[in-house]
Amino acid sequence: MTDLSPSGLSLPSPSRRSLLRGVGGAALVAGAGIPLLSACGSSGSSSDSKTVSVGSNDSDAVPKKAYADVYAAFQKQSGLTVKVNTKDHNTFQEQINSYLQGTPDDVFKWFAGYRMQFFAAKNLASPIDDVWEKIGANFPDAMKKLSKGADGKYYFVPMTTYPWAIFYRKSVFAAKGYEVPTTWDQLVALCKQMKKDGLVPIAFGDKDAWPAMGTFDQINFRLNGYDFHVDLMAGKAAWTDAKVKAVFDHWAELLPYHQDGFMGRTWQDAAQTLVSKKAGMYLLGTFVAQQFTNKADLDDLDFFAFPEINSAYGQDTVEAPTDGFMVSKSPKNKAGVTKLLEYLGTPAAEELYLKGDPSVVAASNKASTSAYSALQKKAFEMIGQAKSLTQFMDRDSRPDFTSTVMQPGLQKFLQNPKGVDSLLSSIERQKKTIFAS
Amino acid sequence: MSSETPTKSPEAAPVPPPGPAPVKKRVPQGHQRLLTRRDRITLAFMAGVPTVLHVALVWITALASIALAFTTWDGIGFDSIKWVGLDNFKQLFTDNPQFWPAVQHNIIWFVVLILIPTPLGLFLALQLDKNIRFSRVYQTAYFLPVVVSLAVTGFVWQLVYNPDTGLINSIIGANKPGHYIDWIGDPKLNLWAVLIAASWRHTGYMMILYLAGLKGVDPSLREASALDGANEWQTFKNVIFPTLRPTNTVVLVVTIIEALRAFDLVFVFNKGAQGTELLSILITNNIIGESSRIGYGSAIAVVLLVISLAVIIPYLIATFRKERRA
């Protein structure tokens, strides 16, 4: 199974990551944590001109194999060897600070957006404008925007992406005569109808704390637009703004139609209610398809964009977390790195990757879509037509803010939707101190 | 907060026999003859390595954490460490909505452990001490949860409490819309749910400690009380329990430490979501991960350290005083 959580954090069962974290946490409580952490960086990047090293978080079998095929093709074409250093997905992410400060690989796998810009601003990544001169034509404008640092230089080569949307079963909608809602009022009306028909209108599980961020994002950029999303995530707009309050008011209106008991439910379990047709809709990324192991069920799965709330913005924004590559601060083999990234930025490389991992779509709009499934085609069109692409709350903002303030904050809202005002002023106070540091 | 201190009973601490030391007559130079050069090197090595490790891994890191608690640092380069004085603590005490609940939960954790599993463990130990049949089997069964890693315990209990497919909700039919009992997520329930799991484990731990204590009770005391016509309860209350005093001290300290270092179980259970916040989890969430708030996390760690010291120091003072008296 591919690890496609929007946050990139914790996907399957809690076991692997929690154990690792547990060990780290125990060490910390003993007061021995900090120097240990910085000792975790990888070492031994090769220095000869025939090799390029790549640090990868693709520890899951499917993407690992798919990338191996891509590197093999690159080797055949260029004669350069790619030395891949794969780490567990979550470990890679948790150690990224010390990894990039130590002796990182020449190229490393990372996420587009704010999380990329953060390391660019810290001078832990190298600009790659020269690569983009060659590959620029392969990508739509929205992808270009995602690949630039705050200084306007390119730091990132996007590889794959996937959209967030509302998923539903075609057969259920046909049997009950439901229509795909395009406005907020239609969505609420549909929820009411589903409830009357004995369905759970919206499947939901927030045990891992990130799914709620997805709902917030959708309502926020539908209501307040892409620019406000960016400002809010970057800590510029205030959480006490009436616009944010309005997002929570809309959410509160929809909350009674969400599946009960969501605080203790994982997204996988919530997806199962859609698989068993007990739920009518589910707002999630396309990785929800992983739970549809039966071919007939998968063919019955479809999705639509979150309905319009504010006509000024329509449905112009799509949340499409994008994964790709960055270059570390002082790569050993600069010429090789450029060659590798130029190759990875070609439609051919992306097509080759998608052959091995069909759960995502290509970031390039030049890549052939002929091998796509119906879901992939739809996802690709949705992303291609978007005016703006967002990444996800925890990729568009500081990870320390989202994990220590927003995750518990949103869970608190879900438990007690009436306490929004005090919650928002608490979030704003904490945000100020975090963004000031 | 190292956990090895308490496992050693204070009574078991090697107290030099106060009797006369005949060796002393042999004048100071005896020392040099006793220790060869090699002995001294070995000795220096054996004492030196643990000391260096201890200083490096315990003292230096603890002091560094304390120093970092007065700074902000994102963990990237030492030049980004900024001195902020007491700001971290001010934020912690006034702005952090999770801090006070976390302190409260750590205290509840301790109170519950001392009130429920501890007496239960004592009760089980008393039963097993009677040499009933299959005593070994029971001992193993009750002690097994202690042997199993807490992360595994958390995982297993999480399956029991799962709102949709969990054992409990499936049996009582609480997994239908409108009837949900959210054991893991509901902030009114989840702390108690996880405490049941913690107690399940702690009972076995306490049982073993008390069982060891009971084995040390002189059988002649029981005989004497039986001869005096005391019934079972009287024997326990007036004879056995008072002789278990050293064990009780160990139990108390172990339980306090368990309550302060509670982490793995909850982390696996629901990552310390609302209702189950704990200090240890707040520290982890703030320090581990990318663009970490090391200064802020250290401030929470210092609070935890202060709480631990407030508990441990009186214990140490009492122990040393007793040793001096002996």
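Going from the start of the chain as shown, residues are counted 1 onward.
Here the Cβ of each residue, glycine as well, is placed from N, Cα and C on the backbone.
Pulled from TrEMBL, these are the features on record:
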{"type": "COMPBIAS", "residues": "B:1-12", "note": "compositional bias 'Low complexity'"}
{"type": "REGION", "residues": "B:1-29", "note": "region 'Disordered'"}
{"type": "TRANSMEM", "residues": "B:43-70", "note": "transmembrane segment"}
{"type": "DOMAIN", "residues": "B:103-317", "note": "domain 'ABC transmembrane type-1'"}
{"type": "TRANSMEM", "residues": "B:107-128", "note": "transmembrane segment"}
{"type": "TRANSMEM", "residues": "B:140-160", "note": "transmembrane segment"}
{"type": "TRANSMEM", "residues": "B:191-212", "note": "transmembrane segment"}
{"type": "TRANSMEM", "residues": "B:250-269", "note": "transmembrane segment"}
{"type": "TRANSMEM", "residues": "B:294-317", "note": "transmembrane segment"}
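Here the transmembrane segment (B:191-212) sits apart from the transmembrane segment (B:43-70); fewer than 3 CB pairs are under 8 Å, leaving out pairs fewer than 6 apart in sequence. Most Cβ pairs under 8 A with the transmembrane segment (B:250-269) among the ranges B:43-70, B:140-160, B:294-317 are made by B:140-160. With a cut-off of 8 Å on Cβ pairs spaced 6 or more residues apart, the transmembrane segment (B:294-317) and the transmembrane segment (B:43-70) reach 3 or more such pairs and are scored as touching.
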